[in-house]
Amino acid sequence: MNNQSAKKSPTRLTYISDIIEISPYLRRLVLSGEQLANFPADQQGAYVKVLIPQPGETTVNMTLTGPNAAIKRSYTIREFDPVRGQLSLDFVINKHTGPATDWAKLANVGDTVAIAGPGPLKMNRFDFNDYLLFGDSTSINAVDALIKRLPATAKGHIIMLVNSHQEQALLSQHPLLKTHWLVLNDSITAEQQIDWLLDKLELFGDLPAVTQVFVGLEATQVRVIKQYLLEQQQLPLSSISATGYWKRNTDADTFGKQKQMQPL
């Protein structure tokens, strides 16, 4: 990372000041610390990189690059309270294993962790009349932040896949956007999830040509939704902000390399 990038994305040392169990599958870690004093306000929906220690490390690793770099994972900012200097991040747990989810599951109040960022919002157009927002448990905070930034006159639909009913409370209500929920369980297959998403799209009929879309889902779901919107709805690519938050049966490091070689 060059000096300019480092200035844009400083590394900060924090500690866990509170832990909130949102659901059996979602755990909120509230981070505090003196180095959050100059963290920029109004960053809900942006993201930070959480620097996870390498296996066997017992001290905080604040190294961003090189062979001894920390494991880096992106997490959406749920809330930043500049008065209290508290940053809230939600971690999916008990659905898979990996460095970040394993660390978050075992984390305790008082533990220290480094973060870098913030990075930008995934979507930054809030002057449209019509919106489609797709999300799941990994992107629900990004979707919530977008809802709060939309004008009250915006229309459209919010389509969410979540791991528990408790997570529904995380999403703000918008007067003119209808929310559609699918609460997942082990009996709902990956194929059935995609079928449900496509069924919803077909029920919406022809979308206005200027619809703005956010898609924050599993990688295969992102590809299917994006293809449908481009080919069946003839939406311009510039109107679609699509991000694969994770990929089924693929670890985050491998998925990151795949996205660099073949963007979604």
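Using the three backbone atoms N, Cα and C, a Cβ is placed for every residue, glycine included.
Feature annotations, reproduced from Swiss-Prot:
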- R73, S74, T76, D90, V92, H96, A100, T101, K247, N249, T250, A252: FAD binding site (BINDING)
- 9-127: domain 'FAD-binding FR-type' (DOMAIN)
Same chain, 6+ residues apart, C-beta under 8 Å of the C-beta of R73 (FAD binding site), given in sequence order: K49, V50, I52, P99, A100, A252
Arithmetic mean of per-residue pLDDT over the domain 'FAD-binding FR-type' (9-127): 92
Among T76, T250, the most crowded of the binding-site residues [Cβ within 10 Å]: T76
Within the domain 'FAD-binding FR-type' (9-127), residues counted as helix, strand or coil by DSSP: 11 helix, 52 strand, 56 coil
Those binding-site residues listed as V92, A100, and which of them has the most Cβ atoms within 10 Å of its own Cβ: V92
